[in-house]
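Asker: Encoded as structure tokens, here's the structure I'll be asking about.
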Amino acid sequence: MGAAILPDLATEILIPVCSVVGIVFALVQWLIVSKVKLSYDKFDAADGKNGFTEALIEEEEGINDHSVVQKCADIQSAISEGATSFLFTEYQYVGVFMAAFAILIFVFLGSVEGFSTKSQACTYDSSKLCKPALATAAFSTVSFLLGAVTSVLSGFLGMKIATYANARTTLEARKGVGKAFITAFRSGAVMGFLLAANGLLVLFISINLFKLYYGDDWEGLFEAITGYGLGGSSMALFGRVGGGIYTKAADVGADLVGKVERNIPEDDPRNPAVIADNVGDNVGDIAGMGSDLFGSYAESSCAALVVASISSFGINHDLTAMLYPLLISSVGILVCLITTLFATDFSEVKTVKEIEPALKRQLIISTALMTVGIAIVSWVGLPSSFTIFNFGVQKEVKSWQLFLCVAVGLWAGLIIGFITEYYTSNAYSPVQDVADSCRTGAATNVIFGLALGYKSVIIPIFAIAISIFVSFSFAAMYGIAVAALGMLSTIATGLAIDAYGPISDNAGGIAEMAGMSHRIRERTDALDAAGNTTAAIGKGFAIGSAALVSLALFGAFVSRAEITTVDVLTPKVFIGLIVGAMLPYWFSAMTMKSVGSAALKMVEEVRRQFNTIPGLMEGTTKPDYATCVKISTDASLKEMIPPGALVMLTPLIVGIFFGVETLSGVLAGSLVSGVQIAISASNTGGAWDNAKKYIEAGVSDHAKSLGPKGSDPHKAAVIGDTIGDPLKDTSGPSLNILIKLMAVESLVFAPFFAAHGGLLFKIF
């Protein structure tokens, strides 16, 4: 078997050092962004210290009026306050749940051995004694709380960075589209690197602290660590659903009344819902996405660690090989750091046409460099051959086979990203066809959009299927877990690209509200259009990785619950399978209805203000923004609870009353149907959004023939975009959390379900 080339001490140093490098790089990017001033200082302007003098050269009329800068600062402040207030309120609700669920974990897992404090025989060697089940209960509870806090912190930091950067991006747009692009991208990079580095560092420190108690009992140690993934995804669910309902309620209300009924521009300051809409971009697309991808990272790492702990790595106490998943993430941070420099330092975006290619290059460069990084890590961090646990038997695996498992996941992610881009970017025929269908009204637009979403599922599913086949053939469930990690290994770059979108969107809104010129709005619109496509790519990555993570967690659950085979022909499993396949539909129905109910209240309020506030349409009176913010806040906090309860309670109810076999069917069914619906919903919504922007931009003769803004085709496109909003920003992205969260929750509670579950079948 041999040992890894990299010594254990070097591994213990390398992982935290890479984490710290990521955090430092994020802080450097933040310092660079902070140099764009949001205040007008005559002394600084005369010396040219803050870069504002450069902006005075800009040919825009009235640009040297410092009131524009002040307006941008005031709007940013309002957005930041609204987002912070909402997240604090949301986290108070979630904090109560977190405490209650932590108690539940301790009670359920502690009861497996009757809260005994006696050591028990180890699974891998019955002659040795391992820590009691009560210890696993206690440490699982602690790791759950650590994961939850890290997830909350990831989302909150992302939101603060995004709201800090949006007005700065607007001001930089006066100097050219390139300056604005770099500001938005650097800000996204701050979030990406902070999240990737913090997640890795907290997990590494937790493992080392837990090891002080567990000692040689690595199986117990890494079983306890699975709580980290559960905590991360639990918070992500509420962040995604709550933030998604918030942002889409405001967006739908603003679009339907403002654009369609009143024929005023997007983000017009006369629209009462405009501040709530911009707040929503940050709490949904930034904080929600941050928590979501952190959850994916935590779960894929935990799945790989728990499977490896009962293989030769864990049995032989080979620390470097055991921490192979963390080494992949460590190298990923370094690779993403180099990749980011290509966008910010090595090349410069000068024209609108260069924005999207610059973002796509980030994906290609990071994937190519990461392939080399994985090869190096596999060479130095793994023995030449080793055994992996495979449903009751040990399977021999070569180090190059595990390299291929990670690489296939990495490249499958890139393929999913580019297919997503093809179906959601208005540079290609699918979205242009959707835009063209608006000639005959909203009905044909909806039909074309739905067809596009269904068709866009095909290639990503084949990519996921090939990844599963290759990785399972080489290294069983461990191969699938590291394939998921491969897809997430460039998470820092992926999140930078993803966060760039909402920052650009907010920048455009601020430009409109501050009364800046049409030329500035054109630049921010170009940034935003590219951001819509990259946001769709980010969602594609999240969904693809969720499929692999869920399958890996499913395998770990089956092993931990001591199920030898999952036979779909047995009634116990089949009823679970069909019910599990139904759950994503039930969940989507709840989240979409929640958006609809909240949007209904928002539309009524916006109409009321336009009809009853004198001078609002003329621009002589300010609208009541606060009421619209309150509607979105109240609706999202109230409506996020039922979908969250559905996801969190299903594994508990099924496991307790129907047992582990039925639960395995539920997990398989929800995975299979959830992935399809999530990809379709996300891409349909993205296509409708960019079809609308294609008409609004009017950059080609075809687009001009469908416009301008306010034309019948444009109104049809706005309706399609409005229908797609909850699909792409609420239901679709939340579904990947559903399938991951149910799987990791089942894994954590597997010992309890195996010991005490299936009450109904025991009675009858």
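Glycine too: its Cβ is placed from the backbone N, Cα and C atoms.
Pulled these from TrEMBL:
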TRANSMEM  13-33  transmembrane segment
TRANSMEM  93-112  transmembrane segment
TRANSMEM  132-159  transmembrane segment
TRANSMEM  180-207  transmembrane segment
TRANSMEM  322-343  transmembrane segment
TRANSMEM  363-380  transmembrane segment
TRANSMEM  400-424  transmembrane segment
TRANSMEM  445-470  transmembrane segment
TRANSMEM  476-497  transmembrane segment
TRANSMEM  541-561  transmembrane segment
TRANSMEM  573-592  transmembrane segment
TRANSMEM  640-660  transmembrane segment
Asker: Quick check: do the transmembrane segment (400-424) and the transmembrane segment (541-561) share at least 3 Cβ pairs under 8 Å, counting only pairs 6+ apart in sequence?
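Answerer: In contact, yes.
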Asker: In terms of Cβ proximity under 8 Å, which residues at least six beyond the ends of the transmembrane segment (640-660) contact it?
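Answerer: Counting only partners 6 or more residues beyond its ends, the transmembrane segment (640-660) has Cβ contacts under 8 Å with 90, 93, 97, 101, 234, 237-238, 241-242, 245, 557, 561, 563, 572, 575-576, 579, 583, 586-587, 590-591, 594, 666-667, 734, 737-738, 741-742, 745-746, 749-750, 752-754, 756-761.
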Asker: With Cβ-Cβ distances below 8 Å as the criterion, list the same-chain residues six or more beyond the ends of the transmembrane segment (476-497) that contact it, or say none.
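Answerer: 22, 158, 185, 188-189, 191-193, 195-197, 289-290, 293, 296-297, 300-301, 303-304, 307-308, 311, 324-325, 328-329, 331-333, 335-337, 339-340, 359, 362-363, 366-367, 370, 373-374, 388-391, 395, 397, 401-402, 405-410, 412-413, 467-468, 470, 534, 537-538, 541, 544-545, 548-549, 551-552, 555-556, 559.
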Asker: Take the transmembrane segment (573-592) and find every residue of the same chain, 6 or more past its ends, with a Cβ under 8 Å from one of its Cβ atoms.
Answerer: 241, 244-245, 566-567, 642-643, 646-647, 650, 654, 658, 661-674, 677-678, 681, 726-727, 730-731, 734-735, 738-739, 742
